[in-house]
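Everything on this sheet refers to the single structure shown next.
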């Protein structure tokens, strides 16, 4: 790594990674609640494990994308998982990503309805149109837009979490007692497994986009540090929200949107602002999902890229009319298992590539 570090580029890369990772589950607080807050004090162990894995994911995939410069980013599956398993993921993952895109559009409609009273169908159409317009601009513009939005959402999330935490700080000493009297839905009985699966849930959603993003980055150091920073900041926001949630767990464990409950408790205007951040969080995940699905059919610079993007966005919008909760229950349970296998392959490939590089230098 002999090239110079560009702080501005690193922040933009980290921001794009952040924006991709946030999604509807993190923004609403449901993921943090089920994966970490539900574990009480031990949830911190799982969150720290996730921080390590998200940092590894960002640094490894973005750097590898820069190195390989794949014309078809979905080929990253073959690189990590081998010819047979890689081909399976290449063909299956776009179908799955399309399903998650539908979930994001459906979630946008549900959120706008719950907080603003907007017709859910209108909310879904608006999200589909916004996503379509952004993706049609191309990868370079897309990374630039996400790179600006991601840090804003992260900073706002951390601010809301910190204020809520200080407001209910005494509640931290009573978490153990509070957890005995309530039943919180858990992603897993083990905080360690929760920490791992939370990362693997996101691998399939992000790996193709991060690979394509890496190919557009000139500096290897920028790619590495941007990915690393993105993972650290993402889970720092997650840990702050986790601490805020367990400090008031008795009141928010049944809430559909726990993070919005925390923001509303600070002040109504904060709740309004946070609802905007929530919608942006869904948008910044829907955009790379649409790009990843389209890119499997036609390349970013292909003349028919915009046409294919439009067709996929329309189909996703139609699918998004299905109930949000039902879609999550159908699609999400399988994500972690598929992502776990990719994570194992990624770690193995990263180690073997490093060993070959070391041997070549001797």
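Cβ atoms here come from the backbone N, Cα and C positions, even for glycine.
Range annotated as transmembrane segment by TrEMBL, chosen from 7-30, 223-246: 223-246.
Panel annotation: around the transmembrane segment (121-139), residues 104-106, 108-113, 145, 212-213, 216, 279, 282-283, 286-287, 290-291, 294, 300-301, 305-306, 309-310, 313-314, 316-317, 320-321 of the same chain, lying at least six beyond its termini, place a Cβ under 8 Å from a Cβ of the stretch. Panel annotation: around the transmembrane segment (88-109), residues 23-24, 28, 74-75, 77-78, 81, 120-124, 126-128, 131, 204-205, 208, 279, 282-283, 285-286, 289-290, 292-293, 296-297, 312, 315-317, 319-324, 327-328, 331-332, 334-335, 338, 342 of the same chain, lying at least six beyond its termini, place a Cβ under 8 Å from a Cβ of the stretch. At the 8 Å Cβ cutoff, the transmembrane segment (223-246) and the transmembrane segment (39-62) share at least 3 close pairs (sequence separation 6 or more) and count as touching.
Count of Cβ pairs under 8 Å against the transmembrane segment (192-211): among 39-62, 266-293, 330-351, the largest is for 39-62. In this chain, the transmembrane segment (330-351) touches the transmembrane segment (39-62); three or more CB pairs sit within less than 8 A of each other, excluding pairs fewer than 6 residues apart.
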